[in-house]
Amino acid sequence: MSKNSVIIVAAGKGKRMNSSISKQFLQIKNKPILYYTLSKFSTHESIDEIVLVTLEDKIEVCSDIIDKYNINKVSKIVPGGKERQDSVYNGLKGVSKDCEVVLIHDAARPFVTSDIIENGIRYTNQYGAAACGVIPKDTIKIKNEKGFAIDTPNREDLFIVQTPQCFNYNIILSCHEKLKKHNKKVTDDTMVLENYGKSVYLYEGSYSNIKITTPEDLILGEQILEKLT
């Protein structure tokens, strides 16, 4: 039977947090951010396995969190790579052979909802690839190299991409392998498919599905958690 797998990318160092502790290990309400993220997927009935990607020297820390909070479905903890795309590729190589849909999610994005996860799987089965996100609330400007505004795109045409980003496993693995061969650099996994002419369906995420990257995000995260509990 085919599986739905999730790769949790926890290999970042979180330089913008101005902390010696990686952002995924910082705490909200006395629990590490990674705990909340793992719990969302481990308790979701449509997720069959979790592959956690982290820094090699943080594998034991992750293992301790998994054991302490009795988190199920984590099949492997694998070391990350030099760049995020390398870490994702390592995760892709670590999922089960019978994986059909793979979700790729930021460890520092702990407020993903069950509906976002379920819709990602559903749209991937329908279209082959899907990513959640939101329309920007603010007006976006395009500026030139001298710093002057030159255009104002329609907000309805813009989309702030979040995670999970969800894919047919064979499609995303094939595109990542081509990316390595051609030595291309990307900032997220939708770009991996775009590089090879593949379409990604964009569906509604949540403004609460934030990625915690700055000290201000930690404060906002506490407020979001209070509303959710």
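Residue numbers in this text run from 1 along the chain shown.
Cβ coordinates come from backbone N, Cα and C, glycine included.
In Swiss-Prot this protein carries:
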| type | residues | note |
| --- | --- | --- |
| SITE | R16 | site 'Transition state stabilizer' |
| SITE | K23 | site 'Transition state stabilizer' |
| SITE | R155 | site 'Positions MEP for the nucleophilic attack' |
| SITE | K211 | site 'Positions MEP for the nucleophilic attack' |
- Message: Neighbour count first, Cβ atoms within 10 Å, every protein chain included; then name which of K23, R155, K211 tops the list of recorded sites.
- Response: K23
- Express the distance between the Cα positions of K23 (site 'Transition state stabilizer') and R155 (site 'Positions MEP for the nucleophilic attack') as a whole number of Å. 30
- Query: What is the separation, in Å, between the Cα atoms of R155 (site 'Positions MEP for the nucleophilic attack') and K211 (site 'Positions MEP for the nucleophilic attack')?
  - Reply: 21
